[in-house]
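Note sheet for the following structure.
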Amino acid sequence: MTSLFLLQLLNGVQFGVLLFLIAAGLTLVFGIMDFVNLAHGVLYMVGAYLMAAFTMITGSFAAGLLLALAATLVFGLALEFLVFRRLYERSHLDQVLATFGLVMIVNEGVKILWGTAPLTVPMPTLLSGSIPLAGPLQYPVYRVAIIAAGLVTALGLWLVINHTRIGMLLRAGASHRSTVSALGVNVSRLFTLVFAVGAMLAGFAGAIISPILSVDTGMGESVLILAFVVIVIGGIGSIRGAFLGALLVGVVDTLGRSFGPILLRTIMDPAAASQTGRTLAPMVVYILMAAILFARPAGLFGRNTS
Amino acid sequence: MENRNELNTEQGKCDQMSVKSNLVASILAATVLAGAANAADDLKVGLMFTLSGPAATLGEQGRDGFLLALDQIGDLGGVPTEVIIVDDEQKPDVAANKARELVTRDEVDFVVGPTFSNIALAIHKPITDSGTILISPNAGPSPFAGADCHPNFYATSYQNDQMHEVMGAHAKKQGYDNVFLMAPNYQAGKDSLSGFKHSYDGGIAGEIYTQLGQLDFSAELAQIAAMQPDALFTFMPGGMGVNLVKQYRQAGLASIPFLSAFTVDESTLPAQQDAAVGFYSGANWTPDTDNEQSRAFVTAYEEKYGSVPGSYAMHGYDTALLLDAAVRAVGGDLEDRAGLRKALEAAEFQSLRGKFAFGPNHYPVQDFYLAEVVKRDDGKFQTSMVRKIFEDYQDNYASECVMPN
């Protein structure tokens, strides 16, 4: 049981790391630019599709990943330049409508380009084995690699945000936007930069998960909701909050799904336990969010604006 | 050079103009004719499939199978045939509206569709009530096989439960006594597991219902690894199945037999590829079915569409053959509804499955097989027949059906 628990913990951390990569960009865009971007999940999907396309062309995982990262960065910049730039001054409702429309347009565009059948990205042979844990339990090397890549990215973001000038501007922008621009900082360029990096991180998440999940239209929407949960739990605008929130959501969701029914079985009969378990499991994350917001209305690391 | 180019474009414009005016003329003519002759002599078939969204591949196969047959036969039953293709978007409300349009505005004689059972439930009443005949080339919901059977409804595919029962019977025959069950938490998922248990009475290692649309199964796979069951039975259609199969192999579980329904088939194999080789599924036909007509169908389909046909395409093809035979039997007289129904029930056509017959509830009585995923010599993947599980198998609801005349 303990080794199963360890295994599920690893699964949860891996899921959390992935959520962090998506939520990091979302929380910065929402926190610093006060911009609600429903199309953030689309960047995750586009990253995965570009990864599939480039690995097919180059035949190499590493080259495909690099090209996909560069291409999502360009795609993000293009979106910012063509669409989002015009929406910053608008109300949240306009932003929601416009970005939701964008979700449909990009989904349909991807379908026209790549067809409706899901695509697949071959796993690099170097990372395709599994590590034996206790007994029959094994853990795929690739998932370990995802965890490592996510942690390295988180560390890099932490260094940039806490120890560079740009990071200082970002932190300042998140709490006192008008003051930052009054001090003569080119806010528009800062926004473009934030957006591009956020887009690339989401694209990175899509690209590295593509050997595990099928690349499919609509894959962005399923993670977007959880990404919003993550940034609300962590506190909007806080990278540290997004990191802890993502790990929390990943671990709680995974453990809730696997051990919830087992725990319930100790207090009720098996049939009722499995019925309650499968009803409760998808709710656990939202219950967690409600509980955290009850204790800390601005999230774990959010600043109270009032 | 330049002059010539200009000339060409001029000519091109002229061509376009004449095409346009021809089109206008023919539309006008068609409207006038339709008013006069009421198009009673022509055969109109409405095809309704799911052609957009994540499940579009299934609908496309059904449509392409039907159109391929039409291509080869020419006109169904010798009557000039018009086909109207609509996309139900996998939304019951959209489908019901489009079904009403097909029967009232387009006045089709037959509707062929849909792909999914929830759509079938939504379009059944508007179509059959109008006297139009509905033939399902995939969805086989239980209500219409039992108490709600209808003289204007036919299914050329199967009753949904049967595929799960095939796997249950296989598990029982193998002597498994510890099978792990997993399905998405919605009606079809629950039906799937109860269908499996209908013909399997051994022990059950665990029963998990996952969220519909779940894509990462790491938590569930860890539980399966910890329990080491004799086999896994699962029902994970579409993208869920693609992910489960890949992750199942990545987690090193491939030594545990993977029994499934609608999880590894020709619609998902292009994405699952090597990961699915050796995994099992229930089937009423596979692309390597050993008869001449089926071989010719697979060759023609692959040549035309560039992918391996699955049962979805086969059902579409068979449905066109069924219509052809029925219309021929009544001598093209589409007003003879009673005769048409009788001819459909007789099903005097050569199915790609070999033999084919309708039961009293207008669902097929047919053989079912255990199928295994194989890699072909040309690098493509398909399901391959392993052995027959059921002979002339009828669904469990047929006895509840009292077919009104």
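Every residue number used here counts from 1 along the chain in the order it is shown.
Every residue, even glycine, has its Cβ placed from backbone N, Cα and C.
Here is what TrEMBL records for this protein:
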| type | residues | note |
| --- | --- | --- |
| TRANSMEM | A:12-31 | transmembrane segment |
| TRANSMEM | A:38-57 | transmembrane segment |
| TRANSMEM | A:63-84 | transmembrane segment |
| TRANSMEM | A:96-121 | transmembrane segment |
| TRANSMEM | A:141-161 | transmembrane segment |
| TRANSMEM | A:190-213 | transmembrane segment |
| TRANSMEM | A:225-255 | transmembrane segment |
| TRANSMEM | A:276-295 | transmembrane segment |
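A Cβ distance under 8 Å defines the sequence-distant neighbours of the transmembrane segment (A:225-255), meaning residues of its chain 6+ beyond its ends; these are 8-9, 11-20, 22-24, 26-28, 30-32, 40-41, 154, 157-158, 161, 174-175, 284-286, 288-289, 292-293, 296, 298-303.
Across A:12-31, A:38-57, A:96-121, A:276-295, the stretch most heavily in contact with the transmembrane segment (A:141-161), judged by Cβ pairs under 8 Å, is A:12-31. Across A:12-31, A:38-57, A:96-121, A:276-295, the stretch most heavily in contact with the transmembrane segment (A:190-213), judged by Cβ pairs under 8 Å, is A:38-57. Per-stretch counts of Cβ pairs under 8 Å to the transmembrane segment (A:12-31) identify A:38-57 as the leading one among A:38-57, A:96-121, A:276-295. Within its own chain, the transmembrane segment (A:96-121) is flanked in space by residues 36-39, 41-42, 45-46, 48-49, 51-53, 55, 61, 64, 79, 83-84, 87, 90, 210-211, 214-218, 220-221, which lie at least six positions past its ends and keep a Cβ under 8 Å from the stretch.
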